[in-house]
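J.: Among the features that Swiss-Prot reports, transmembrane segment is placed at 10-30, 76-96, 107-127, 143-163, 178-198, 229-249, 260-280, 300-320.
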Amino acid sequence: MTLSTLTSLMIMTLSYMIPILIAVAFLTLVERKILSYMQARKGPNIVGPFGLLQPIADGVKLFIKEPIRPSTSSPFLFILTPILALLLALTIWTPLPLPFPMTDLNLGLLFLLAMSSLTVYSLLWSGWASNSKYALIGALRAVAQTISYEVTLAIILLSTIMLSGNYTLSTLSITQEPMYLIFSSWPLTMMWYISTLAETNRAPFDLTEGESELVSGFNVEYAAGPFALFFLAEYANIMLMNTLTITLFLNPSFLSPPSELFSITLATKVLLLSSSFLWIRASYPRFRYDQLMHLLWKNFLPLTLAMCLWHTSMPISYAGLPPA
């Protein structure tokens, strides 16, 4: 491999990673602004005009601080897990059409599901490597919650594949040209949205970070740079899940607008959906753990299985009918 090829690959990778990281940084500012206005206060408004430079100031502050590691922790895993969390969070973006994917995979949805399952390891290892009971309990909660809700996410994706007829994410744009899939499969969309909240450990499903019980959950021993990496990974996953929701159910190719407007339309919809995540955080109290599991295993799982059977059987049933 020549030097020019390596350079071009590096530039391509950075050109898709840096905008995601910038968007994630400003999502934290949007969150603080929305929460502050909902609580009748101003929020960040000192650093830069209207507080716009606050995320940059926070990032600089965190990365120049000295990282502290507990003396009894596992040194290698303790440092590796935040890096792994951010690396996985950025890698999952590769097959998403924005409007063109970084890598056009035939099994894009399967890749997304497999990579999002791997994020469980970073949570579990961080809790175990910290050698703290609070961190370990938080990590075990996160693992149980994430694995549980991935079941419904996978079944909903399977139903969506039945509707679109392909695992490729680009096909969903063509499928949704006449009508958004949200109209034909709104129960799936509602369950998908709630499952993405649980998958990203956001309120009201933030059982892993219950301040009154576990101080800060799996990342309680992390400070400075490693904590910032976990923070970036969490918000990158939120944006990823919202982008995937838009791609699956509210694809930007509605009424075939010019391709130049695709990215703007997608970004606007993702921002609105991310704002609804923050609105829910400000509005709802935290679920009890048994309620969280009850919602999935006794409500969502039977419903999603029934919907999946419905979406599978309908094309087969209609295939035997004579043409009108």
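Here the Cβ of each residue, glycine as well, is placed from N, Cα and C on the backbone.
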J.: For the transmembrane segment (76-96) and the transmembrane segment (229-249), check the count of CB pairs under 8 Å (sequence separation 6 or more) and say whether it reaches 3 or more.
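T.: The answer is yes, given that the two segments have at least 3 Cβ pairs within the 8 Å cut-off.
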J.: Pairs 6 or more apart in sequence, C-beta under 8 angstroms, 3 or more of them: is that satisfied by the transmembrane segment (178-198) and the transmembrane segment (300-320)?
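T.: These two segments touch.
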J.: What stretch in 107-127, 229-249, 260-280, 300-320 has the biggest tally of Cβ pairs under 8 Å against the transmembrane segment (143-163)?
T.: 300-320
J.: Go through the chain and flag residues at least 6 beyond the ends of the transmembrane segment (260-280) whose CB is under 8 A from any CB in it; none is fine as an answer.
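T.: Same-chain residues near the transmembrane segment (260-280) but 6 or more away: 27, 30-31, 34-35, 38, 98-99, 197, 200, 202-204, 238-239, 242-243, 245-246, 250, 252-253.
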J.: Can you tell me which of 10-30, 229-249, 300-320 gets the most C-beta pairs within less than 8 Å of the transmembrane segment (107-127)?
T.: 229-249
J.: Give residue numbers and ranges for long-range contacts of the transmembrane segment (300-320): same chain, 6 or more residues beyond its ends, CB-CB under 8 A.
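T.: Distant Cβ neighbours of the transmembrane segment (300-320) are 151-152, 155-156, 158-159, 162-163, 185, 187-188, 191, 194-195.
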